Amino acid sequence: MEKRVYEVWKGSNKFFLGGRLIFGPDARSLPVTLLLISVPSIIFCIFVARHLRHRFSPYNAGYGIMVVAVVFTIYVLIILFLTSARDPGIIPRNSRPPEEEPHHDSSVPAQARNRHTPGRQFPRTKEVMVNGMQVRVKYCSTCMLYRPPRCSHCSICNNCVERFDHHCPWVGQCIGLRNYRFFFMFVSSTTLLCIYVFSMSALYIKVLMDDNHRTVWEAMKESPPSVVLMAYCFIALWFVGGLTGFHLYLIGTNQTTYENFRHRADNRINIFDRGCPSNFDEIFCTKLNPSKNNFRALVQEEVPRPTEEAKAEDVGGDTHPKIEVDLENRQNLLKISEQHNIEDGIDLSKISRRQNDEENDSRESNDPLRSTLEADSIMDINHRASLTMTMIRSDPEPSSYGNSSSEIAADSHTNSTVTIKEAGRLFE
């Protein structure tokens, strides 16, 4: 059965609705964020806005306070959903290293070099041109790619994200190129919602004071929910309001949170800053590129890349495993030849003694013709034996890799035996 991309995804993301929605691995914190936004809004509508419906003229003008609170809350929740349920700009990881000249690490053992990615050490960094200046980009060994400028690998989601800003646990997603705009809108709109709820709760306290000429403490005792909402919004403003101000500064200077902390320590020059108006235009008015990942697509079977050994065989070149086999065969041949030299040396010594006896007999008989024939036969035997040993030692490569070293040894032993037998027959 064919699988889809989201089913075999190597990152730590969580998918819903058949891969249509993508979240971070900490998406379980998202319901907490929803409660922190929706529960105060519900309390406000029930205990504050409902009592302000008829406090303004015309008579029903107070309904607008409740409508604004409801619409604002729904808007914030939608922006939160758009921030956390979309691809933040994940760069698809490669299934194999890029087609670049690798650096072989001499410290890696030779056996490790013959594995799937055999000892290939890609440069950790390389230089690219951005706005007329050189920028150093890093190689990601997890995703097997050189990260584009402003890209970083999120250790939580286990993905390389374009224009990586940070990973936000409150939205359960990385903040990157494709959702930074919505993240800022979420933070800023939440800040405005807190200000609105705080202001309307304070207004209701003021209305209670004016009705019966009560003091502030008496009005607060009459409406405890208003006091709780004011305290809650005041505390929340320190977080969401501080984030809004910080990200306004980042947008105006065209930085990311990740770059801000790094450049502050390294004292780097921001080469991406094009001026405050252009920087805001880049964030809010630039068309978002479509996602580089089709999570619902069927997984395509990849054609395996030909290995270095296969390429060498195609061009007729020698490969490392082939050379190792040749060396092993040659070592076996040398051992065999040494053994035969020892055996043949013993046999040849016997033959030499027999030759000396025959030479002595021939000298005694003074038969020049017989001496000449025997000398020629002896030279022919020695020449054949030396030629056989030379062929065994200097054979550069077996005729076929299918023959084993034992077969080669058997052939060489047979040749040596035949030669010695021929020598024996000549002396009989």
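Residue 1 is the first one shown; counting continues down the chain.
From the backbone N, Cα and C atoms, a Cβ is placed for every residue, glycine too.
Positions annotated as compositional bias 'Basic and acidic residues' by TrEMBL: 96-106 (among others).
Residues or ranges marked as compositional bias 'Basic and acidic residues' in TrEMBL: 354-367 (among others).
Taken from TrEMBL, the feature compositional bias 'Polar residues' covers 400-416.
Summarising the annotation, TrEMBL assigns domain 'Palmitoyltransferase DHHC' to 138-262.
The feature region 'Disordered' is assigned by TrEMBL to 92-123 (among others).
As annotated by TrEMBL, region 'Disordered' applies to 347-374 (among others).
Residues or ranges marked as region 'Disordered' in TrEMBL: 393-416 (among others).
The annotation transmembrane segment is assigned in TrEMBL to 30-49 (among others). Note on the transmembrane segment (30-49): residues 23, 62, 65-66, 69-70, 72-73, 76-77, 80, 84, 170-172, 190, 193, 197, 200-201, 204, 223, 225-226, 228-229, 232-233, 236 of its chain, located 6 or more positions outside it, place their CB under 8 angstroms from a CB of the stretch.
TrEMBL lists 61-83 (among others) with the feature transmembrane segment.
Positions annotated as transmembrane segment by TrEMBL: 182-207 (among others). Non-local neighbours of the transmembrane segment (182-207) in the same chain are 37, 40-41, 44, 48-49, 51-52, 55, 65, 68-69, 72-73, 75-76, 79-80, 82-83, 86, 165, 168, 171, 175, 216, 219-220, 223, 226-227, 229-230, 233-234, 236-237, 240-241, 243-244, 247, 251, 283; each lies 6+ residues outside the stretch with a CB under 8 Å from one of its CB atoms.
Listed as Cβ neighbours of the transmembrane segment (227-252) (distance under 8 Å, sequence separation of 6 or more from its ends, same chain) are residues 36, 40, 43-44, 48, 184, 187-188, 190-191, 194-195, 197-198, 201-202, 205, 220, 260, 276, 279-280, 283. Feature annotation from TrEMBL assigns transmembrane segment to 227-252 (among others).
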